[in-house]
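Swiss-Prot has this to say about the protein:
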BINDING   Gly79, Asn110  anthranilate 1 binding site
BINDING   Gly79, 82-83, Ser87, 89-92, 107-115, Ser119  5-phospho-alpha-D-ribose 1-diphosphate binding site
BINDING   Ser91, Glu225  Mg(2+) 1 binding site
BINDING   Arg165  anthranilate 2 binding site
BINDING   Asp224, Glu225  Mg(2+) 2 binding site
Amino acid sequence: MKEIIEKLAKFENLSGVEMTDVIERIVTGRVTEAQIASLLLALKMKGETPEERTAIARVMRGHAQHIPTEIHDAMDNCGTGGDKSFSFNISTTAAFVLAGGGIHMAKHGNRSISSKSGSADVLEALGINLDLKPAELGKVFDKTGIVFLFAKNMHPAMKYIMPARLELGIPTIMNLTGPLIHPMALETQLLGISRPELLESTAQVLKNMGRKRAIVVAGPEGLDEAGLNGTTKIALLENGEISLSSFTPEDLGMEGYAMEDIRGGNAQENAEILLSVLKNEASPFLETTVLNAGLGFYANGKIDSIKEGVALARQVIARGKALEKLRLLQEYQK
(Lines of atoms letter the chains of each structure in order from A and count residues from 1; the text may use other names and numbers.)
(Lines give C-alpha, C1' and ligand atoms only; values in the text may rest on other atoms or scores of the structure.)
Protein backbone atom coordinates (compact mmCIF):
# COMPACT_ATOMS: atom_id res chain seq x y z
CA MET A 1 0.00 0.00 0.00
CA LYS A 2 2.88 2.33 0.81
CA GLU A 3 4.26 1.94 -2.71
CA ILE A 4 0.88 2.76 -4.25
CA ILE A 5 0.49 5.94 -2.19
CA GLU A 6 4.04 7.00 -3.02
CA LYS A 7 3.32 6.47 -6.72
CA LEU A 8 0.20 8.63 -6.53
CA ALA A 9 2.11 11.28 -4.59
CA LYS A 10 4.41 11.53 -7.61
CA PHE A 11 1.30 12.12 -9.76
CA GLU A 12 1.74 8.79 -11.50
CA ASN A 13 -1.39 6.95 -12.65
CA LEU A 14 -2.29 3.48 -11.45
CA SER A 15 -2.98 0.69 -13.91
CA GLY A 16 -6.32 -1.06 -13.84
CA VAL A 17 -4.66 -4.09 -12.27
CA GLU A 18 -3.05 -1.98 -9.53
CA MET A 19 -6.30 -0.19 -8.73
CA THR A 20 -8.24 -3.44 -8.70
CA ASP A 21 -5.78 -4.99 -6.25
CA VAL A 22 -5.85 -1.96 -3.93
CA ILE A 23 -9.65 -1.79 -3.79
CA GLU A 24 -9.97 -5.55 -3.26
CA ARG A 25 -7.66 -5.22 -0.27
CA ILE A 26 -9.65 -2.29 1.08
CA VAL A 27 -13.08 -3.92 0.79
CA THR A 28 -11.85 -7.07 2.49
CA GLY A 29 -10.57 -5.15 5.51
CA ARG A 30 -6.84 -5.43 4.87
CA VAL A 31 -6.01 -1.70 4.75
CA THR A 32 -5.94 0.78 7.64
CA GLU A 33 -8.23 3.81 7.84
CA ALA A 34 -5.22 6.14 7.64
CA GLN A 35 -4.02 4.43 4.47
CA ILE A 36 -7.49 4.69 2.92
CA ALA A 37 -7.65 8.42 3.69
CA SER A 38 -4.18 8.90 2.20
CA LEU A 39 -5.19 7.01 -0.93
CA LEU A 40 -8.36 9.07 -1.40
CA LEU A 41 -6.49 12.35 -0.96
CA ALA A 42 -3.63 11.31 -3.24
CA LEU A 43 -6.04 10.28 -6.00
CA LYS A 44 -7.93 13.56 -5.66
CA MET A 45 -4.73 15.62 -5.88
CA LYS A 46 -3.41 13.66 -8.87
CA GLY A 47 -6.71 13.49 -10.70
CA GLU A 48 -8.55 10.22 -11.29
CA THR A 49 -8.24 8.52 -14.70
CA PRO A 50 -11.07 6.62 -16.43
CA GLU A 51 -9.06 3.42 -16.04
CA GLU A 52 -8.73 3.92 -12.27
CA ARG A 53 -12.39 4.82 -11.92
CA THR A 54 -13.53 1.84 -13.99
CA ALA A 55 -11.41 -0.52 -11.91
CA ILE A 56 -12.79 0.69 -8.59
CA ALA A 57 -16.36 0.64 -9.92
CA ARG A 58 -16.06 -2.94 -11.13
CA VAL A 59 -14.68 -4.14 -7.80
CA MET A 60 -17.36 -2.34 -5.79
CA ARG A 61 -20.15 -3.66 -8.05
CA GLY A 62 -18.75 -7.14 -7.63
CA HIS A 63 -19.23 -6.83 -3.88
CA ALA A 64 -22.72 -5.27 -4.10
CA GLN A 65 -26.00 -6.90 -3.10
CA HIS A 66 -28.01 -8.57 -5.86
CA ILE A 67 -31.59 -7.33 -6.39
CA PRO A 68 -33.80 -10.06 -7.92
CA THR A 69 -36.21 -8.43 -10.36
CA GLU A 70 -38.09 -9.17 -13.55
CA ILE A 71 -37.31 -5.67 -14.85
CA HIS A 72 -34.28 -5.45 -17.12
CA ASP A 73 -34.35 -1.85 -18.35
CA ALA A 74 -33.80 0.03 -15.09
CA MET A 75 -32.54 3.61 -15.04
CA ASP A 76 -30.94 5.73 -12.32
CA ASN A 77 -30.39 9.49 -12.06
CA CYS A 78 -28.04 9.58 -9.09
CA GLY A 79 -25.44 12.36 -8.91
CA THR A 80 -22.04 12.54 -7.27
CA GLY A 81 -23.08 15.19 -4.76
CA GLY A 82 -20.36 17.18 -3.09
CA ASP A 83 -21.29 20.39 -4.91
CA LYS A 84 -21.98 22.36 -1.70
CA SER A 85 -25.00 23.96 -3.38
CA PHE A 86 -27.37 23.07 -0.53
CA SER A 87 -30.14 22.76 -3.11
CA PHE A 88 -33.30 20.76 -2.57
CA ASN A 89 -33.19 17.09 -3.59
CA ILE A 90 -33.42 17.65 -7.33
CA SER A 91 -32.65 14.20 -8.72
CA THR A 92 -34.81 12.46 -6.12
CA THR A 93 -37.78 14.65 -7.01
CA ALA A 94 -37.12 14.17 -10.72
CA ALA A 95 -37.00 10.39 -10.25
CA PHE A 96 -40.72 10.33 -9.46
CA VAL A 97 -41.45 12.34 -12.60
CA LEU A 98 -39.41 9.93 -14.71
CA ALA A 99 -41.19 6.96 -13.13
CA GLY A 100 -44.53 8.67 -13.72
CA GLY A 101 -43.55 8.94 -17.36
CA GLY A 102 -43.13 5.19 -17.67
CA ILE A 103 -39.43 4.73 -16.96
CA HIS A 104 -38.41 2.00 -14.52
CA MET A 105 -36.51 4.02 -11.91
CA ALA A 106 -34.18 2.28 -9.47
CA LYS A 107 -33.02 5.30 -7.48
CA HIS A 108 -29.67 4.68 -5.84
CA GLY A 109 -28.57 7.05 -3.10
CA ASN A 110 -27.22 7.70 0.34
CA ARG A 111 -27.45 9.95 3.34
CA SER A 112 -25.89 13.37 3.11
CA ILE A 113 -22.15 13.76 3.52
CA SER A 114 -21.57 17.31 2.28
CA SER A 115 -25.11 18.78 2.23
CA LYS A 116 -28.04 19.05 4.66
CA SER A 117 -30.17 16.30 3.15
CA GLY A 118 -29.28 13.37 0.92
CA SER A 119 -31.76 11.29 -1.06
CA ALA A 120 -31.99 8.72 1.74
CA ASP A 121 -32.70 11.45 4.28
CA VAL A 122 -35.56 13.04 2.35
CA LEU A 123 -37.17 9.73 1.41
CA GLU A 124 -36.96 8.53 4.99
CA ALA A 125 -38.77 11.74 5.99
CA LEU A 126 -41.48 10.71 3.50
CA GLY A 127 -41.91 7.33 5.17
CA ILE A 128 -39.81 5.21 2.82
CA ASN A 129 -38.17 2.20 4.50
CA LEU A 130 -34.45 2.26 3.77
CA ASP A 131 -33.77 -1.17 5.23
CA LEU A 132 -35.77 -3.70 3.21
CA LYS A 133 -33.92 -6.84 2.16
CA PRO A 134 -32.81 -7.22 -1.48
CA ALA A 135 -35.60 -9.71 -2.28
CA GLU A 136 -38.20 -7.33 -0.84
CA LEU A 137 -36.78 -4.43 -2.84
CA GLY A 138 -37.03 -6.50 -6.00
CA LYS A 139 -40.72 -7.13 -5.31
CA VAL A 140 -41.32 -3.41 -4.72
CA PHE A 141 -39.67 -2.61 -8.03
CA ASP A 142 -41.64 -5.24 -9.93
CA LYS A 143 -44.95 -3.97 -8.49
CA THR A 144 -44.41 -0.22 -8.72
CA GLY A 145 -41.76 0.49 -11.35
CA ILE A 146 -39.80 2.54 -8.82
CA VAL A 147 -37.61 1.63 -5.86
CA PHE A 148 -35.05 3.29 -3.62
CA LEU A 149 -31.81 1.43 -3.02
CA PHE A 150 -29.98 2.72 0.06
CA ALA A 151 -26.31 2.66 -0.91
CA LYS A 152 -25.15 1.87 2.62
CA ASN A 153 -27.14 -1.37 2.56
CA MET A 154 -26.41 -2.19 -1.07
CA HIS A 155 -22.66 -1.96 -0.57
CA PRO A 156 -21.70 -3.56 2.75
CA ALA A 157 -18.03 -3.41 1.75
CA MET A 158 -18.31 0.39 1.84
CA LYS A 159 -18.12 0.16 5.65
CA TYR A 160 -14.36 -0.05 5.31
CA ILE A 161 -14.19 3.23 3.36
CA MET A 162 -16.94 5.31 4.98
CA PRO A 163 -15.08 6.32 8.18
CA ALA A 164 -12.25 7.84 6.14
CA ARG A 165 -14.73 9.62 3.85
CA LEU A 166 -16.60 11.10 6.78
CA GLU A 167 -13.40 12.16 8.51
CA LEU A 168 -12.11 13.86 5.35
CA GLY A 169 -15.45 15.58 4.72
CA ILE A 170 -14.58 16.51 1.13
CA PRO A 171 -15.54 15.02 -2.24
CA THR A 172 -13.23 12.18 -3.29
CA ILE A 173 -13.13 9.44 -5.90
CA MET A 174 -15.86 7.73 -3.88
CA ASN A 175 -18.29 10.53 -4.77
CA LEU A 176 -17.40 9.88 -8.39
CA THR A 177 -17.76 6.13 -7.87
CA GLY A 178 -21.13 6.01 -6.09
CA PRO A 179 -23.33 6.54 -9.18
CA LEU A 180 -21.27 4.00 -11.15
CA ILE A 181 -21.82 1.02 -8.84
CA HIS A 182 -25.57 0.58 -9.01
CA PRO A 183 -26.47 -2.97 -7.90
CA MET A 184 -28.54 -3.51 -11.05
CA ALA A 185 -27.19 -3.75 -14.58
CA LEU A 186 -28.54 -0.41 -15.78
CA GLU A 187 -29.25 0.18 -19.46
CA THR A 188 -29.55 3.95 -19.23
CA GLN A 189 -28.46 6.60 -16.77
CA LEU A 190 -28.43 10.32 -16.02
CA LEU A 191 -25.40 11.09 -13.87
CA GLY A 192 -24.69 14.50 -12.38
CA ILE A 193 -21.20 15.69 -11.49
CA SER A 194 -19.95 18.93 -9.98
CA ARG A 195 -16.71 18.95 -11.99
CA PRO A 196 -17.36 19.71 -15.68
CA GLU A 197 -13.79 18.81 -16.60
CA LEU A 198 -14.77 15.18 -15.89
CA LEU A 199 -17.77 15.04 -18.23
CA GLU A 200 -16.15 13.12 -21.06
CA SER A 201 -14.09 10.80 -18.87
CA THR A 202 -17.14 9.94 -16.77
CA ALA A 203 -19.09 9.10 -19.91
CA GLN A 204 -16.18 6.86 -20.90
CA VAL A 205 -16.44 5.03 -17.57
CA LEU A 206 -20.19 4.55 -18.11
CA LYS A 207 -19.40 3.08 -21.51
CA ASN A 208 -16.85 0.76 -19.88
CA MET A 209 -19.54 -0.27 -17.36
CA GLY A 210 -21.92 -1.32 -20.14
CA ARG A 211 -24.44 1.51 -20.35
CA LYS A 212 -26.26 1.57 -23.69
CA ARG A 213 -27.20 5.23 -23.44
CA ALA A 214 -26.39 7.84 -20.81
CA ILE A 215 -25.91 11.52 -20.13
CA VAL A 216 -23.40 13.02 -17.75
CA VAL A 217 -24.43 16.52 -16.69
CA ALA A 218 -22.56 19.37 -15.02
CA GLY A 219 -24.60 22.44 -14.18
CA PRO A 220 -23.61 26.07 -13.68
CA GLU A 221 -21.82 27.20 -10.52
CA GLY A 222 -20.67 23.67 -9.74
CA LEU A 223 -24.19 22.23 -9.54
CA ASP A 224 -24.26 18.46 -10.13
CA GLU A 225 -27.61 18.78 -11.90
CA ALA A 226 -28.93 20.74 -14.87
CA GLY A 227 -29.49 24.32 -13.73
CA LEU A 228 -31.59 27.34 -14.63
CA ASN A 229 -28.87 29.70 -13.40
CA GLY A 230 -26.58 29.59 -16.43
CA THR A 231 -25.05 27.15 -18.90
CA THR A 232 -25.38 23.41 -18.36
CA LYS A 233 -22.86 21.11 -20.03
CA ILE A 234 -23.52 17.49 -20.96
CA ALA A 235 -21.77 14.46 -22.40
CA LEU A 236 -24.07 12.10 -24.30
CA LEU A 237 -23.15 8.43 -24.66
CA GLU A 238 -25.06 6.98 -27.60
CA ASN A 239 -24.23 4.00 -29.82
CA GLY A 240 -20.80 3.75 -28.23
CA GLU A 241 -19.91 7.34 -29.12
CA ILE A 242 -19.52 10.31 -26.77
CA SER A 243 -20.49 13.84 -27.78
CA LEU A 244 -20.29 17.08 -25.79
CA SER A 245 -22.78 19.95 -25.87
CA SER A 246 -24.33 22.63 -23.68
CA PHE A 247 -27.57 24.55 -23.27
CA THR A 248 -29.07 27.48 -21.39
CA PRO A 249 -32.60 27.99 -20.03
CA GLU A 250 -33.27 30.31 -22.96
CA ASP A 251 -32.44 27.52 -25.42
CA LEU A 252 -35.33 25.55 -23.94
CA GLY A 253 -37.74 28.45 -23.63
CA MET A 254 -37.43 28.42 -19.84
CA GLU A 255 -37.04 31.21 -17.33
CA GLY A 256 -33.73 31.57 -15.51
CA TYR A 257 -33.37 31.45 -11.73
CA ALA A 258 -30.51 32.14 -9.31
CA MET A 259 -28.93 29.41 -7.21
CA GLU A 260 -30.42 30.83 -4.02
CA ASP A 261 -33.89 30.29 -5.49
CA ILE A 262 -33.47 26.51 -5.21
CA ARG A 263 -31.83 26.30 -1.80
CA GLY A 264 -33.22 23.47 0.28
CA GLY A 265 -33.13 22.76 3.98
CA ASN A 266 -33.16 19.75 6.24
CA ALA A 267 -34.79 16.45 5.32
CA GLN A 268 -38.28 17.49 6.44
CA GLU A 269 -38.09 20.83 4.63
CA ASN A 270 -36.88 19.13 1.46
CA ALA A 271 -39.68 16.56 1.75
CA GLU A 272 -42.18 19.42 1.76
CA ILE A 273 -40.51 20.93 -1.31
CA LEU A 274 -40.64 17.56 -3.09
CA LEU A 275 -44.35 17.24 -2.35
CA SER A 276 -45.05 20.77 -3.57
CA VAL A 277 -43.35 19.99 -6.87
CA LEU A 278 -45.23 16.73 -7.40
CA LYS A 279 -48.46 18.63 -6.64
CA ASN A 280 -47.55 21.00 -9.49
CA GLU A 281 -47.20 24.11 -7.33
CA ALA A 282 -45.44 26.82 -9.36
CA SER A 283 -41.94 27.63 -8.10
CA PRO A 284 -38.26 27.59 -9.09
CA PHE A 285 -38.21 24.10 -7.51
CA LEU A 286 -40.85 22.92 -9.99
CA GLU A 287 -39.02 24.44 -12.95
CA THR A 288 -35.70 22.91 -11.91
CA THR A 289 -37.33 19.51 -11.50
CA VAL A 290 -39.00 19.77 -14.90
CA LEU A 291 -35.64 20.59 -16.47
CA ASN A 292 -33.86 17.64 -14.89
CA ALA A 293 -36.68 15.19 -15.52
CA GLY A 294 -36.75 16.39 -19.12
CA LEU A 295 -33.03 15.72 -19.40
CA GLY A 296 -33.66 12.30 -17.87
CA PHE A 297 -36.29 11.44 -20.47
CA TYR A 298 -33.76 12.40 -23.14
CA ALA A 299 -31.00 10.36 -21.49
CA ASN A 300 -33.32 7.36 -21.49
CA GLY A 301 -34.06 7.80 -25.19
CA LYS A 302 -37.80 8.08 -24.56
CA ILE A 303 -37.93 11.34 -26.53
CA ASP A 304 -35.69 12.98 -29.13
CA SER A 305 -34.71 16.25 -27.47
CA ILE A 306 -34.37 17.89 -24.08
CA LYS A 307 -37.09 20.37 -25.02
CA GLU A 308 -39.51 17.50 -25.71
CA GLY A 309 -38.47 15.97 -22.41
CA VAL A 310 -39.31 19.16 -20.54
CA ALA A 311 -42.77 19.19 -22.13
CA LEU A 312 -43.31 15.55 -21.17
CA ALA A 313 -42.20 16.23 -17.59
CA ARG A 314 -44.75 19.03 -17.29
CA GLN A 315 -47.51 16.71 -18.53
CA VAL A 316 -46.55 13.93 -16.12
CA ILE A 317 -46.65 16.28 -13.12
CA ALA A 318 -49.84 18.06 -14.22
CA ARG A 319 -51.65 14.74 -14.61
CA GLY A 320 -50.64 13.60 -11.13
CA LYS A 321 -48.59 10.68 -12.42
CA ALA A 322 -45.43 11.66 -10.50
CA LEU A 323 -47.31 12.07 -7.22
CA GLU A 324 -48.97 8.72 -7.89
CA LYS A 325 -45.54 7.06 -8.04
CA LEU A 326 -44.58 8.59 -4.70
CA ARG A 327 -47.78 7.26 -3.13
CA LEU A 328 -47.09 3.81 -4.59
CA LEU A 329 -43.56 3.80 -3.18
CA GLN A 330 -44.87 4.92 0.21
CA GLU A 331 -47.35 2.05 0.12
CA TYR A 332 -44.99 -0.72 -0.93
CA GLN A 333 -41.57 0.33 0.40
CA LYS A 334 -42.58 0.78 4.02
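The backbone N, Cα and C atoms fix where each Cβ goes, and this holds for glycine too.
Between the CA atoms of Arg165 (anthranilate 2 binding site) and Arg111 (5-phospho-alpha-D-ribose 1-diphosphate binding site) there is a gap of 13 Å, rounded to the nearest whole number. Packing around Glu225 (Mg(2+) 1 binding site) is summarised by its Cβ count: 28 other Cβ atoms lie within 10 angstroms of its Cβ, all protein chains included. Spatially, by CA atoms, the binding-site residues Ser87, His108, Asn110, Arg111 include one closest to Glu225 (Mg(2+) 1 binding site), and that is Ser87. Within 10 Å of Asp224 (Mg(2+) 2 binding site), counting C-alpha to C-alpha distances, fall the following of the binding-site residues Gly79, Asn110, Arg111: Gly79. All protein chains considered, the CB of Gly79 (anthranilate 1 binding site) has 28 other CB atoms within 10 Å.
Take the binding-site residues His108, Arg111, Arg165: by the count of other Cβ atoms within 10 Å of each Cβ, the lowest one is Arg111. You'll find the Cα of Ser87 (5-phospho-alpha-D-ribose 1-diphosphate binding site) roughly 13 Å from the Cα of Gly79 (anthranilate 1 binding site).
All protein chains shown were included, and the count of other CB atoms within 10 Å of the CB of Ser87 (5-phospho-alpha-D-ribose 1-diphosphate binding site) stands at 26. Around Asn110 (anthranilate 1 binding site), a 10 Å sphere centred on its CB holds 23 further CB atoms from the protein chains shown. When Cβ atoms from all protein chains are considered, those within 10 Å of Asp224 (Mg(2+) 2 binding site) total 26, not counting its own. The two recorded residues, Gly79 (anthranilate 1 binding site) and Ser91 (5-phospho-alpha-D-ribose 1-diphosphate binding site), show a Cα separation of 7 Å. Asn110 (anthranilate 1 binding site) sits 12 Å from Ser91 (5-phospho-alpha-D-ribose 1-diphosphate binding site), taking the CA atoms of both as reference points.
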